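One structure is given here, and the rest of the page talks about it.
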């Protein structure tokens with residue numbers, strides 16, 4: 001029921017980007033800044049009298065007084081907007097909300113609007129009531145949630161189509177990559193040819209697919225993370241094509257990290273005198289990404305497509321990424337111990353350089 005109500009709110013609110021409506025004419029009816037209130041010890045007081053940093057301002061609108069009027073919220077920093085205590089928009093720097101639509105959704109004659117951001121600045125946040133021209137009000141503008149949902153569906157179709165093509169090209173290698181049991185097996189099979197062809201065209205195709213899958217996984221999670229995750233703010237999108245662009249950009253970054261991983265693993269295995277483990281190491285790392293994160297991506301897709309928007313669930317999926325990479329560091333240490341004759345200290349130094357340090361950097365970037 002809660003998920004359904006979230007969908008109805010997202011579906012009925014008309015979110016229009018000011019920059020997307022080039023050429024439209026509008027008139028400011030009222031600047032709401034004078035009516036800003038802050039919550040101080042369970043009571044409201046004027047914003048002008050508040051000393052110190054403020055992260056949330058409130059104001060009230062009598063919906064019946066403003067038929068056909070839109071609430072315009074613009075800011076130099078991303079904001080999250082709440083209507084009668086429910087999240088209506090987030091990670092936005094400019095949006096329109098039709099008062100009539102808000103009244104129908106919340107069935108309330110008086111609307112409490114809350115605007116939240118890291119720090120409210122007087123010159124940075126603007127809240128006004130405006131009348132929009134007839135031409136603009138009848139324009140067909142895709143809703144933010146619907147656009148991102150379309151991206152999620154199209155993105156999953158692209159991933160599934162690409163997977164079918166890869167299976168057709170090399171079914172044996174595909175079964176090896178997606179064998180989750182082999183990730184946890186302490187014995188390696190007869191895969192020496194696979195390990196020696198780690199940069200073959202077929203393997204590179206798997207790296208590209210893994211990059212797209214991880215990019216897809218992260219771009220959806222980033223869309224719902226709180227504003228204090230700076231990495232998430234760098235990949236925000238409000239339209240279908242913006243989401244496709246950010247997915248492509250993030251996937252290219254992940255693919256570049258794949259090749260950096262190859263250089264790191266093969267280079268350091270040579271430096272540590274353990275060239276025999278480089279193929280085993282990297283191949284099983286890709287196995288982990290394809291197998292485990294493939295399952296997580298499906299779970300994420302199903303949750304999102306059924307209108308799941310609980311922020312805590314997306315934070316949990318991001319934390320799963322950290323826990324899995326930490327578990328992988330321990331697992332690969334045990335696997336490589338059986339594949340080489342060097343001391344544990346020698347192997348641990350190699351793992352620190354190839355896994356532990358990159359893991360800590362990843363955590364720093366994701367949670368900064």
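We count from 1, first residue shown onward.
Keep in mind that glycine also has a Cβ here, set from the backbone N, Cα and C atoms.
Just so you know, TrEMBL annotations never went through curation; they're auto-generated.
Keep in mind that this is a model prediction, so the values were computed, not measured.
Ranges compared are 113-131, 132-150, 151-169, and TrEMBL records transmembrane segment for 151-169. Looking up the ranges 204-225, 226-247 in TrEMBL, the one annotated as transmembrane segment turns out to be 204-225. Ranges compared are 174-196, 312-334, and TrEMBL records transmembrane segment for 312-334. Looking at 87-108, 285-306, the stretch flagged in TrEMBL as transmembrane segment turns out to be 285-306. Residues 90-91, 148, 152, 155-156, 158-159, 162-163, 166, 169, 173, 177, 231-232, 235-237, 243, 246-248, 250-255, 258-259, 286, 289-290, 293-294, 296-297, 300-301, 304, 309, 311, 314-315, 317-318 of the same chain lie 6+ residues outside the transmembrane segment (204-225) yet bring a C-beta within less than 8 angstroms of a C-beta in it.
For the transmembrane segment (312-334), the neighbouring stretch richest in Cβ pairs under 8 Å, chosen from 151-169, 250-273, 285-306, 346-367, is 346-367.
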